[in-house]
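The structure appears right after this line, and notes come after that.
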Amino acid sequence: MERTFLMVKPDGVQRNVIGEIVSRFENKGFKLVGAKLMQIPTELAEQHYGEHKERPFFGELVDFITSGPVFAMVWEGENVISTARLMMGATNPKESAPGTIRGDYAVTVGKNIIHGSDSPESSAREIGLFFKEEELVSYEKAMNNWII
Ligand code: IDP
């Protein structure tokens, strides 16, 4: 079963949408297997966004993601990586469709509410960066038989 790393960014925490975002993924039929509210240390932010380190906005990105607490999560389900990306909407909120998280809650690319892994490789890497194995919980939900 696939897992993905999702994170409500500091803007989402400050705007009180943690619960709304968790609800969307619960209602869809995915399973939460790990979660924590945390303040990201600068070094972890630089590792997480390592692929962007040559970009002009890298400093701004690291400053923003470390500017307040984030809500880090691991979700499990069939095709959860690509489906979560669809539910998040396009990176730039001016292009994200209404009904998506960014389409409904964000205006500008620098403050786009949520992060989600974009591939199985980045999901494995990001889960490993943010969570210890023992922080993830394997369990069954009876309702699952009515979802897949
Ligand atoms: P993603 O978050 O949809 O995977 P990426 O291209 O990996 O998008 O970019 C990572 C994050 O960097 C974006 O979510 C966005 O917050 C930020 N970002 C991307 N482009 C810009 C920019 O031009 N200015 C400021 N921040 C940006």
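All residue numbers here begin at 1 and follow the chain in the order shown.
A Cβ is built for glycine as well, from the same backbone N, Cα and C atoms used for every other residue.
Note: TrEMBL annotation is automatic and uncurated.
According to TrEMBL, Lys9, Phe57, Arg85, Thr91, Arg102 bind ATP; the candidate from Asn16, Asn79, Asn112 that the record adds to this site is Asn112.
In this structure, Lys9 (ATP binding site) belongs to neither helix nor strand by DSSP; it is coil. Sequence-distant contacts of Lys9 (ATP binding site), defined as residues of its own chain at least six apart whose C-beta falls under 8 angstroms from its C-beta, comprise Phe64, Ile65, Val70, Lys111, Asn112, Ile113, Ile114, His115. Close to Arg102 (ATP binding site) in the fold, though at least 6 residues off in sequence, lie Met88, Gly89, Ala90, Thr91, Pro93, Ser96, Asn112, Ile113, Ile114, each with a CB less than 8 Å from its CB.
By the rule that a residue counts when its Cβ sits under 6 Å from some atom of ligand 1, the binding-site residues Lys9, Arg85, Arg102, Asn112 yield Asn112.
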